Ligand SMILES: [Zn+2]
């Protein structure tokens, strides 16, 4: 097994290779504005440093968000294109699940919350019972509007760090999304024979689109 | 000829997901998925709606094009993609897909300019472009007069709109008349029943001291709106066919007059017209009439190749390969404000010379 994993749903542009046992190589760059420019070079870097060819890859793992749309789409269209060109399966994994798995690797267990930055003063969030068990659907809300029992849980992710007045039990690790953790979670699911979600974007918001309020006259009325 | 470059082209600068495949000057496939119906109720293209549609349509459209052309992706000599100008988020979907396919298949990647592609597509219809080529590009996003001594490396802007694009004016006037979006085809249809001389609408920037090759359609649009509103205010019927015909005549009169002037001034004996507005029947007939009168040969591709499509990108990509032009690097950015003078983008290895515009265009790349 050779999994190529990447995620562009957060400010991190992260790519990794995983052989089913361990992470062979990982590249993570934090640059919220250049996902499209950095992703393929990052993939090239991990392949080169692991001494493997893209043709050896047996599956693609991609973070499906939730995340700000423009960056999120870079990862998803890249995954779909690799999947088609290489004729390998594409496994979609919720970006928050990848962070939860990384939280487990950092030593967190029991119930906790993952929150990332959704901009517009909101967070993308979900609750977990251990690193591999998500117990709520991913959602987008203002941090202050989350239930008190959710806010009281240990919390990881940039969304928690942004709203310290709401998330009162913040944990520093993981600070960013890691494709290595995402790949490790996918390898765990593959080994357990679990099914993957389709690699479709979790936008969680409708597109911003104003229907023009009728035709605006130019003559003074 | 089998040894001509086989290139796949991807176009996602606006609301059409286009994938074309050409071999040299021969069109093998032209697959398109459009999100235009989803934008109609908003009266214009909504960038986020377009980007979401591009993501859904991208891989299926590529598969359809390969099947249509009857070629394997392995046989391609290169993959070309619109790197700009256009909607930032929309461009990024096509650029990312092109990179992934090029990288996975081990093919050179060519990030090319949308405007140069609009010109180059005519090679699929009328053979090799003369050098230099004079081109009038008119669509909802652009209205330019371009002189292209070399379509793969030297495209010079002679003039452009100083306010609205020609296609935008069609959309806005269609809205005034209640004809829906997109406005071009509706105006064209109604104008056929109307009198183009019924109302004397203004011709922008045609005074003796005005810039010779620039366009302005904002004043015309406002004049039409005023005329229509005044009629309505007086309780009179609006003669939609006459308004459409008179407005359309004002637009195509200025476009063709300036294009022919540019040909004469620059000693070019033919004119290429491209872009969505080139599908307008009155523009095509008036251009033909005036070109014949001036001894200029007119080249206009069939309407399906005038609007945004992947074949035009493939056509330019194929020409790039044929002429041994440099490929792009894999850090190629999508540049929403790519200047027309940059026919292709070699990638970030060479820093851009228009960073100020570039940064502004990049603002909405995330989120
Ligand atoms: Zn166009």
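From the backbone N, Cα and C atoms, a Cβ is placed for every residue, glycine too.
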Fill in: TrEMBL annotation, substrate site containing B:137, B:138, B:139, B:140, B:141, B:184, B:188, B:280 - matching residue among B:150, B:171, B:195, B:269
B:171
Fill in: B:114, B:118 bind Fe cation per TrEMBL; candidate in B:265, B:308 listed for that same site
B:308
Worksheet item: About how far apart, in whole Å, are the alpha carbons (Cα) of residue B:139 (substrate binding site) and residue B:308 (Fe cation binding site)?
Response: 9
Discussion item. Given a separation of at least six residues and a C-beta threshold under 8 Å, show me what packs close to residue B:184 (substrate binding site) in the same chain.
Written reply: B:140, B:167, B:170, B:171, B:174, B:276, B:277, B:279, B:280
Worksheet item: Around residue B:118 (Fe cation binding site), which residues of its chain at least 6 apart sit with Cβ under 8 Å of its Cβ?
Response: B:135, B:137, B:139, B:274, B:275, B:306, B:312
Worksheet item: Which binding-site residues out of B:137, B:139, B:184, B:280, B:308 lie by ligand 1, going by a Cβ under 6 Å?
Response: B:139, B:308
Discussion item. I'm trying to understand the geometry here, so how far is the Cα atom of residue B:141 (substrate binding site) from the Cα atom of residue B:308 (Fe cation binding site), in Å to the nearest whole number?
Written reply: 11
Worksheet item: What does DSSP call residue B:280 (substrate binding site) in the simple three-state scheme?
Response: coil
